[in-house]
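Student: So Swiss-Prot says this about it:
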REPEAT    31-117  repeat 'Solcar 1'
REPEAT    129-214  repeat 'Solcar 2'
REPEAT    224-312  repeat 'Solcar 3'
TRANSMEM  33-53  transmembrane segment
TRANSMEM  89-109  transmembrane segment
TRANSMEM  135-155  transmembrane segment
TRANSMEM  186-206  transmembrane segment
TRANSMEM  230-250  transmembrane segment
TRANSMEM  293-313  transmembrane segment
Amino acid sequence: MGNGVKEGPVRLHEDAEAVLSSSVSSKRDHRQVLSSLLSGALAGALAKTAVAPLDRTKIIFQVSSKRFSAKEAFRVLYYTYLNEGFLSLWRGNSATMVRVVPYAAIQFSAHEEYKRILGSYYGFRGEALPPWPRLFAGALAGTTAASLTYPLDLVRARMAVTPKEMYSNIFHVFIRISREEGLKTLYHGFMPTVLGVIPYAGLSFFTYETLKSLHREYSGRRQPYPFERMIFGACAGLIGQSASYPLDVVRRRMQTAGVTGYPRASIARTLRTIVREEGAVRGLYKGLSMNWVKGPIAVGISFTTFDLMQILLRHLQS
């Protein structure tokens with residue numbers, strides 16, 4: 001009986017410790033999610049703003065049958081500057097920010113969560129994931145972010161290829177599309193987007209994480225220097241965008257159909273039209289050379305900013 005009396009307080013003490021431990025763990029998890037969201041949002045905003053003029057020029061070529069060349073691209077940039085002013089090179093960037101900030105925040109925080117879940121499942125808690133789960137985590141993160149923010153991507157594309165008179169601001173785009181074309185138009189081009197995001201996000205995160213893992217193994221340093229992170233991110237962007245680029249062209253055509261003279265069509269029909277009218281390589285890879293300039297810069301800035309912000313926030317929390 002005496003043992004029962006002793007066991008009661010002991011069990012109560014153990015239960016209290018378990019509840020307290022669970023509460024601390026839950027708060028830590030919430031802080032990690034908020035930290036990832038904030039770091040991802042800043043990373044996306046900085047990266048996209050840095051390459052916004054090149055991004056707008058790329059979209060203009062993607063949605064037209066005009067042949068791409070570096071000379072023509074810089075001519076478009078120059079005439080846009082002359083006719084509409086310097087800040088017009090960032091036209092549509094406000095719509096880009098409205099999309100990119102939540103997109104990047106969701107993508108990076110989802111990637112951290114998927115890494116944790118897959119790492120726990122495969123028994124790699126606290127360590128680098130093996131190759132296939134690493135690729136899978138990136139693909140899942142990109143798909144999650146694209147699914148939740150797609151209408152904002154369509155709005156950004158519309159603003160990039162139309163004159164100011166057609167759409168005055170982001171809300172005007174939403175109102176006109178909803179009224180004149182129907183709400184379902186806001187998800188026109190969604191399937192090629194997801195099909196493109198899977199290899200793009202999967203390969204980007206996979207390449208970046210793999211290069212960081214190899215760096216730790218061969219350099220003996222736990223953390224790369226910022227310029228090394230930029231190089232790893234640039235390589236990740238180059239590989240990811242090259243793999244998914246044809247689907248990027250298809251989604252832009254589908255998103256801007258109705259305002260660029262092209263009829264609305266399915267993925268297969270859009271692909272056939274591009275190949276028939278412009279050729280497989282010229283049509284589906286139009287503007288890729290510009291992406292090889294802007295993509296590595298944007299992805300390098302994005303991954304580096306996210307990592308450095310995570311390190312800073314962890315330091316402040318500790």
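Backbone N, Cα and C define each Cβ position, glycine as well.
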Student: When secondary structure is assigned with DSSP, how many helix, strand and coil residues does the repeat 'Solcar 1' (31-117) contain?
Tutor: 76 helix, 0 strand, 11 coil
Student: Restricting to CB pairs under 8 Å, which listed stretch, 33-53, 89-109, 135-155, is in contact most with the transmembrane segment (186-206)?
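Tutor: The stretch with the most contacts is 135-155.
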Student: Take the transmembrane segment (33-53) and find every residue of the same chain, 6 or more past its ends, with a Cβ under 8 Å from one of its Cβ atoms.
Tutor: 77, 89-90, 92-93, 96-97, 100-109, 112-113, 294, 297-299, 301-306, 309-310, 313-314, 317
Student: Could you pull out which residues elsewhere in the chain have a CB under 8 Å from any CB of the transmembrane segment (89-109), counting only those six or more residues past its ends?
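Tutor: Result: 33, 36-41, 43-45, 47-49, 52-53, 55-56, 77, 80-81, 141-142, 144-146, 148-149, 152-153, 155-156, 159-160, 164, 169-170, 173, 201, 302, 306.
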Student: Report, as numbers and ranges, every residue of the chain located at least six residues beyond the transmembrane segment (135-155) whose Cβ falls under 8 Å of a Cβ in that stretch; write 'none' if there are none.
Tutor: 95, 98-99, 102-104, 106-108, 110-111, 114-115, 118, 129, 170, 173-174, 177, 185-190, 193-194, 197-206, 209, 255
Student: By DSSP, what is the split of the repeat 'Solcar 2' (129-214) into helix, strand and coil residues?
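Tutor: Helix, strand and coil residues of the repeat 'Solcar 2' (129-214) number 72 helix, 0 strand, 14 coil.
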Student: Averaged over the repeat 'Solcar 2' (129-214), what pLDDT does the predicted model reach?
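Tutor: PLDDT averaged over the stretch: 88.
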